[in-house]
């Protein structure tokens, strides 16, 4: 007696194939492969060297001698070099009267230059008409039509493209954009996504004298990136990396954390960006919350068990006074090989490095990205990644932790797995041989403006 007739067998085999293909497609949708990324590199005439920065400072007639000294001291100790790029209107001396055209011109140059290069390098298998998802993040500029519409119009993208325009998210917006793409990938098969991350600096140059608002002028520079992603399994062999996980933490419910990094006007009505002393504490809290979620996903169980045992023993044997120690106690190197710390400033890079028990070798890429390109806001992580690739540090199977922090206050981190040995040419090509040695040369401000350290002049007022 036959258990199944021929039609029944055919139906069963069809259902089997259907559910297997559905399972495989669902698994592929969870994939997020990085196919290519491009960082912006300005023209030589846009560089903010010592002489140019000093002239910009001297143009601000609201500053007294103490404010001059504060600014010059900050620049001398910032960890930023001579070759970062500034916005055109500031270089032309128009920082006090920016126009809407200045903002559009700055965005167009960064977005379109990186996208043009990206599409050129992926011409053989991806075109603008293939893009299903577009995410553009610029915190301080949200025009109408949106910047995503500006990109769609320029490249004549499809009518059914899903576009997202993010603003107000600060330096960590790039990882937020990656998270958005990954979530959409779970509902769409064989999709392509673009993430464009940058910031508009020129129209938001601070022209007042509040020290907490002057800091942004010293740290932020023109820059940005474009990243091409897909969940199509057939492109795995072309991909540079695969996304392992994303974790996000937000401590904005606390008033001090919410207001430590804020766009506002000073008491004289000059608009700018306020950075308070609480920023360091807010960053520490947000990063801690984030890593509590992320690290158990990427570190081996053996290391987590070891950490739990050591921590339990320490709790029993140490007093409260003795319990304050540097480092988190976990050996991150057991599951991670590289660390992209947001190049927001020297204090941030060194503080995160110390807290996580990282070596000078580990934080070198972030320090060099800050020195060469400055704090380029949400695009900064990709300059750090570019340094690692240019130095041929990235080998197949390595895992990279990207750490970003931004206004809100937020910490958004992700982990990538390298799929092939990487040594591609990028924005570091013409300066790679000079680093890290170039960063060790004393800042020219120190020698040229040595009077800023003469405390006998502190009583003088201009």
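Note: Cβ is positioned from N, Cα and C throughout, glycine not excepted.
Among the features that TrEMBL reports, domain 'FAE' is placed at 27-316.
As annotated by TrEMBL, active site applies to 171 (among others). Of all Cβ atoms in the protein chains displayed, 28 besides its own lie within 10 Å of the Cβ of residue 171 (active site).
The active site annotation in TrEMBL covers 250 (among others). Applying an 8 A CB threshold to same-chain residues 6+ apart, the list for residue 250 (active site) reads 286, 408, 409, 410.
Note: residue 338 (active site) has non-local neighbours 362, 365, 388, 393, 394, 398, 399, 400, 401, i.e. same-chain residues 6+ apart with C-beta under 8 A of its own C-beta. Under the heading active site, TrEMBL lists 338 (among others).
According to TrEMBL, the feature domain 'Chalcone/stilbene synthase C-terminal' maps to 339-398.
There are 32 other Cβ atoms within 10 Å of the Cβ belonging to residue 342 (active site). The active site annotation in TrEMBL covers 342 (among others).
The Cβ of residue 371 (active site) has 25 other Cβ atoms within 10 Å, all protein chains considered. Summarising the annotation, TrEMBL assigns active site to 371 (among others).
The Cβ of residue 375 (active site) lies under 8 Å from the Cβ of 171, 219, 220, 221, 343, 344, 345, each of these being in the same chain and 6 or more residues away along the sequence. Residues annotated as active site in TrEMBL: 375 (among others).
When averaged over the domain 'FAE' (27-316), pLDDT in the model lands at 92. Between the alpha carbons (Cα) of residue 371 (active site) and residue 342 (active site) lies a span of roughly 13 Å.
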